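*Asks:* For reference, the structure I am asking about is given below.
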There are 2 protein chains.
Amino acid sequence: MAKPIAVGLLGLGTVGSGVVKIIENHQDQLIHQVGCPVVVKKILVRDVYKERDVQVNTSLLTTRADEVINDPEIDVIIEVMGGIEETRRHLLQALQQGKHVVTANKDLMALYGSELLATATENGCDLFYEASVAGGIPILRSLVEGLASDRITKMMGIVNGTTNFILTKMCKYGMPYEQVLAEAQALGYAEADPSADVEGLDAARKMAILARLGFSMNIDLEDVQVKGITDITEEDLDYSKRLGYTMKLIGIAHRDGDKAEVSVQPTLLPDSHPLASVSDEYNAVYVYGEAVGETMFYGPGAGSLPTATAVVSDLVAVMKNMRLGVNGRSAVAPQYEKRLKSRSEIFSKYFVRIHVKDEVGAFAKITAIFAEQGVSFEKILQLPLKEKGLAEIVIVTHRASQQAYEDILQRLRDLEIVHQVKSSYRVEGNGN
Amino acid sequence: MAKPIAVGLLGLGTVGSGVVKIIENHQDQLIHQVGCPVVVKKILVRDVYKERDVQVNTSLLTTRADEVINDPEIDVIIEVMGGIEETRRHLLQALQQGKHVVTANKDLMALYGSELLATATENGCDLFYEASVAGGIPILRSLVEGLASDRITKMMGIVNGTTNFILTKMCKYGMPYEQVLAEAQALGYAEADPSADVEGLDAARKMAILARLGFSMNIDLEDVQVKGITDITEEDLDYSKRLGYTMKLIGIAHRDGDKAEVSVQPTLLPDSHPLASVSDEYNAVYVYGEAVGETMFYGPGAGSLPTATAVVSDLVAVMKNMRLGVNGRSAVAPQYEKRLKSRSEIFSKYFVRIHVKDEVGAFAKITAIFAEQGVSFEKILQLPLKEKGLAEIVIVTHRASQQAYEDILQRLRDLEIVHQVKSSYRVEGNGN
């Protein structure tokens with residue numbers, strides 16, 4: 001049998017402890033898959049003497065990162081400590097010394113993924129990060145494997161469990177956002193400061209990671225258009241239900257030719273869309289490949305065991321590549337130049353809800369604005385409002401460019417008879 | 001670079017042509033992943049001079065199987081010719097000569113999988129068959145990878161596109177079975193002789209393959225309890241809708257301790273179950289692992305391009321293993337002794353619809369039979385019928401053993417006041 005592969009861990013929290021346990025308990029299966037044993041050689045911790053729920057020989061523990069990163073016998077660094085700037089320095093240093101890296105850190109990968117992947121490629125190292133997106137779903141590996149014989153043109157994801165939990169409850173019980181958020185916080189599904197989740201930033205990080213990999217293009221976090229769920233009202237959910245839609249916070253990455261668009265925004269999906277029934281804290285990623293067609297991966301988005309399992313899967317992949325001599329080739333630096341679509345090249349259907357003064361000719365003035373931009377209607381509802389002298393108009397458009405639609409919104413807001421544009425959402429069709 | 005790996009193909013139909021095209025068009029990506037080139041060296045065909053939609057040097061073609069199987073330079077045999085007995089002999093011969101095998105043949109794997117896998121293990125060969133179950137979904141690979149660090153206890157699948165198409169249309173349009181079947185045949189979704197699909201045999205083959213792999217146990221086709229969709233009526237679908245369920249042909253493989261059960265039968269799923277929204281000809285497999293929890297894989301069940309893509313993924317896995325020297329270790333012969341649950345160890349909820357004579361005390365007599373077996377009710381509906389003197393009773397039970405439930409059914413049929421037991425289905429809860 002080949003000689004053991006030595007691993008160093010940065011961090012020994014719940015995910016790190018899970019990784020250590022899996023490596024111990026599944027040594028036989030790991031040897032079966034890879035052809036050699038794996039040993040944990042050093043672990044960076046904050047406090048060597050802390051009580052832990054995994055038994056580790058204290059001689060493995062250290063509080064000095066360089067003792068792990070600079071150990072010449074360590075082949076693979078597993079990063080499960082979290083954090084950004086300091087962690088980035090550790091991983092760059094590890095890669096520069098030719099060590100392969102497995103990380104579960106989505107914040108780091110979204111912000112510094114391009115730099116880290118380039119460094120990995122320069123040094124012939126693997127840098128795998130399956131656990132950073134939808135912890136329990138092997139989505140990144142599926143993308144990489146699919147890419148060997150397919151071309152991925154679209155990915156749509158429910159990649160944030162907190163917001164999906166909140167929207168599911170709002171839809172199901174007709175409860176307002178603030179009340180559901182408070183409940184989610186009480187249950188531990190949302191953090192005390194929920195802004196990274198509810199404002200869409202967490203989902204945007206994951207979509208940047210997915211788009212970068214799936215399109216092999218250096219998509220950065222700032223390339224992702226982001227809108228969160230904080231403005232969604234019970235009225236919006238009620239209309240979406242009546243029109244046969246389900247509201248979800250959807251990340252979309254779409255490629256036409258060599259140009260890409262990436263966004264995260266509340267989106268109305270037809271009830272029959274595979275993503276519409278993904279409920280509660282679950283995640284799912286829908287992928288369209290030219291050869292395979294539609295596929296979807298569904299599972300837990302987080303949790304320490306799913307995440308640890310994903311980390312070990314990456315470790316197995318690194319070890320296989322080491323033994324194959326093909327490290328630094330798959331899942332590394334993007335091969336295409338980044339080209340983003342302009343607003344005039346991004347197309348979608350839209351839902352808009354407007355309060356107008358209940359005057360003769362009001363409806364005609366509104367429809368004229370859409371017509372001038374060449375945007376036609378798929379569905380229209382007009383209803384009287386309790387507020388005196390006002391009517392509510394709900395429109396679902398046919399496909400329009402983002403530019404045309406945003407121009408329409410601006411002109412509607414400027415219109416004297418329009419009291420308020422209450423809300424506006426992207427609408428997806430079925431499938432690709 | 002390492003020397004090329006040589007491949008022999010058995011068959012050059014639509015899937016075989018797709019495989020040849022992918023190998024040609026993605027040579028660079030394949031080299032990237034594996035570290036060496038791959039060449040197609042020989043192809044078994046029926047007619048060398050037939051026109052094909054893929055350009056192949058005719059010197060590669062042969063009508064003699066032994067020229068492919070016995071070629072000492074060929075490392076991997078890809079079987080895409082279909083058929084059972086002759087194909088089985090070819091593959092056994094190939095494995096005995098130390099050649100690795102990739103097959104898309106579910107009939108063969110369901111019937112002779114145990115024998116073929118044992119032969120592969122004896123000869124240190126890989127035998128991969130991703131394309132045999134849910135063509136476009138990388139479910140077998142996900143099971144194998146998951147098994148390295150998890151224990152799978154349950155798999156549920158919609159693994160037959162034809163029956164899912166038929167049930168979707170029946171539910172959606174309230175159309176009777178025969179009419180939808182005729183339409184499916186006209187559209188090419190069902191074959192002229194649809195019996196293997198509609199009687200559940202095709203799904204049973206795939207569930208046997210899934211259970212054998214996921215539980216690492218020699219599950220055979222005859223171990224699978226099978227019931228098809230031919231008796232499902234519009235009334236049943238109507239009741240299931242009213243009760244908040246969706247009817248699907250579901251394969252279930254469940255393991256408790258070291259005992260397994262595998263079945264395929266029409267099943268009522270709660271509308272909120274992830275499998276309930278899998279529509280039309282799509283397939284999906286839901287997997288419960290002790291570490292990862294619930295995951296689901298969704299995609300096209302068939303089609304020549306998805307199938308060819310799956311075959312090439314298997315080829316890549318074989319080639320990696322060849323270069324790692326770990327062939328014949330993953331995805332091969334089962335490691336646990338087969339132990340099947342008895343009827344008294346298989347538990348489920350059940351839906352039963354009964355026509356009874358509308359007499360005083362009829363309902364009490366029926367409930368007494370359930371009570372004697374210790375089976376309680378979750379839901380009951382009683383409705384008058386147009387037929388004079390009859391009433392309809394619909395019951396959804398709490399969990400009961402298959403034995404207790406079948407005894408109840410028999411006793412109900414024997415009861416004088418029972419006019420007919422109209423229908424009976426398994427009912428699944430949400431999630432695991």
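Keep in mind that glycine also has a Cβ here, set from the backbone N, Cα and C atoms.
Unlike curated entries, TrEMBL annotations are predicted automatically.
OK, TrEMBL features for this one:
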type	residues	note
ACT_SITE	A:Lys206	active site, proton donor
BINDING	A:Leu10, A:Gly11, A:Leu12, A:Gly13, A:Thr14, A:Val15, A:Gly16, A:Ser17	NADP(+) binding site
BINDING	A:Lys106	NADPH binding site
BINDING	A:Glu191	L-homoserine binding site
DOMAIN	A:351-426	domain 'ACT'
*Asks:* Beyond the listed site residues A:Leu10, A:Gly11, A:Leu12, A:Gly13, A:Thr14, A:Val15, A:Gly16, A:Ser17, identify every same-chain residue whose Cβ lies within 8 Å of the center of their Cβ atoms for the NADP(+) site.
*Replies:* A:Leu9, A:Gly18, A:Val19, A:Val80, A:Met81
*Asks:* Provide the three-state DSSP residue tally for the domain 'ACT' (A:351-426): helix first, then strand, then coil.
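*Replies:* Each residue of the domain 'ACT' (A:351-426) counted once, the result is 24 helix, 34 strand, 18 coil.
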*Asks:* Let me know the DSSP-derived helix, strand or coil state of A:Lys206 (active site, proton donor), please.
*Replies:* helix
*Asks:* State the three-class DSSP label for A:Leu10 (NADP(+) binding site), counting H, G and I as helix, E and B as strand, and everything else as coil.
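*Replies:* Strand, per DSSP.
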*Asks:* Distance between the residue listed as 'active site, proton donor' and A:Lys106 (NADPH binding site) at the Cα atoms, whole Å?
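*Replies:* The residue listed as 'active site, proton donor' to A:Lys106 (NADPH binding site), Cα-Cα distance: 7 Å.
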*Asks:* Work out how many Å separate A:Glu191 (L-homoserine binding site) and A:Gly13 (NADP(+) binding site) at their Cα atoms, rounded off.
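*Replies:* For A:Glu191 (L-homoserine binding site) versus A:Gly13 (NADP(+) binding site), the Cα atoms are 18 Å apart.
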*Asks:* Ten-angstrom check, please: count other Cβ atoms within 10 Å of the Cβ of A:Glu191 (L-homoserine binding site), all chains counted.
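*Replies:* By my count, 13.
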*Asks:* Select the most exposed residue of A:Gly11, A:Gly13, A:Gly16, where exposure means the fewest other Cβ atoms within 10 Å, treating these as the binding-site residues.
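*Replies:* If we count Cβ atoms within 10 Å for the binding-site residues A:Gly11, A:Gly13, A:Gly16, the smallest count is at A:Gly13.
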*Asks:* Calculate the distance in Å between the alpha carbons (Cα) of A:Val15 (NADP(+) binding site) and A:Lys106 (NADPH binding site), and round it to a whole number.
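*Replies:* Distance (Cα to Cα, whole Å): 14 Å.
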*Asks:* Where among the binding-site residues A:Leu10, A:Leu12, A:Val15 do you find the Cβ with the fewest other Cβ atoms within 10 Å?
*Replies:* A:Leu12
*Asks:* Identify, among the binding-site residues A:Thr14, A:Ser17, the residue whose Cβ has the fewest other Cβ atoms within 10 Å in this structure.
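*Replies:* If we count Cβ atoms within 10 Å for the binding-site residues A:Thr14, A:Ser17, the smallest count is at A:Thr14.
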*Asks:* Near A:Lys106 (NADPH binding site), how many other Cβ atoms are within 10 Å of its Cβ?
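*Replies:* Other Cβ atoms found within 10 Å: 22.
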*Asks:* In angstrom units, rounded to an integer, how far apart are the Cα atoms of the residue listed as 'NADPH binding site' and A:Leu10 (NADP(+) binding site)?
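*Replies:* Rounded to a whole number, the Cα-Cα distance is 15 Å.
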*Asks:* Check the domain 'ACT' (A:351-426) for me and report the mean pLDDT.
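*Replies:* Result for the domain 'ACT' (A:351-426): average pLDDT 93.
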*Asks:* What is the Cβ neighbour count of A:Lys206 (active site, proton donor) at a 10 Å cut-off, with all protein chains included?
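*Replies:* I count 25 other Cβ atoms within 10 Å of it.
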